[in-house]
Amino acid sequence: MRTAFYISDGTAITSEVFGHATLSLFPVEFNHKTIPFVETEEKAHQIKELINATAKRDGEKPLIFFTFVNYNLTEIISSANAVCYDFLTTYSEKIEKELNVAPVPKIHRTHSIHEKSYDFRIDAVNYALMNDDGGNIKNYGEADIILIGVSRSGKTPTSLYLALQYGIKAANYPITEDDLETEGLPKCLIPFKHKLFGLTIDPERLAAIRDRRMANSKYASIRQCRIEVREVEMLYKRNRIPFLNSTHHSVEEISAKIISDTDLERRKY
């Protein structure tokens with residue numbers, strides 16, 4: 001199996017994101033290896049030796065996705081027996097030409113702490129934890145969004161991801177079997193209808209998830225899951241609540257779709 005390296009003098013997050021996004025376009029499996037904080041020439045030479053050894057072992061050149069602000073480190077890694085992709089140089093040169101402004105290299109700039117956005121995210125994470133699964137309904141006035149759905153439909157991980165990644169205060173509320181016996185929304189949610197966003201899920205997937213939690217129970221039965229999913233989707237439609245199916249989407253995709261559909265403000269930068 002061919003190896004793909006993601007290397008940087010910072011966190012290597014940018015290299016990973018660009019690299020994985022690019023490789024995902026090809027139906028080929030890779031052995032992925034991430035190496036962050038390559039900040040000295042000595043360390044760069046060590047990594048070069050590792051890359052060369054990997055090429056010899058695999059019988060083919062590794063793919064190297066890297067981001068360095070230090071040109072000397074770029075030169076060292078680029079001289080390895082590998083196919084190299086330098087994202088920063090590729091794009092910064094074009095942008096420099098367009099803006100007529102020279103870039104100012106700074107290590108860790110991309111994923112360093114920006115005080116304002118950091119505070120937003122910490123506050124949002126604390127809010128999501130305190131308002132998980134219907135807790136602290138009295139705080140819903142502070143919410144940017146309130147996710148609703150049947151149990152185990154993806155509300156909690158999505159709430160936390162929205163908070164941690166984007167600084168969005170996301171509460172979540174479970175729609176129970178009792179709630180579904182009426183045609184209306186739970187009374188506590190009515191004042192915040194404009195903040196509601198629903199999640200649904202395929203019954204078969206829901207049953208599998210619930211079975212890991214409470215095996216052989218009514219709660220995890222496919223019949224119960226089908227009833228709950230059908231009823232909650234009818235609830236969404238009756239009350240004109242936007243919703244999406246989380247079955248085949250990652251938490252990143254779900255969150256991005258929610259932000260796109262609701263025009264929520266990202267507080268990432």
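Just so you know, the numbers here start at 1 and follow the chain as drawn.
Including glycine, each Cβ sits where the backbone N, Cα and C put it.
Look at G149 (ADP binding site): DSSP puts it in a strand. Here the Cβ of G149 (ADP binding site) has 26 other Cβ atoms within 10 Å, regardless of which shown protein chain they belong to. According to Swiss-Prot, the ADP binding site annotation covers G149, V150, S151, R152, S153, G154, K155, T156, on the basis of sequence analysis.
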Protein Cβ atoms within 10 Å of R152 (ADP binding site), excluding its own: 21
Secondary-structure category, per DSSP, in which G154 (ADP binding site) falls: coil
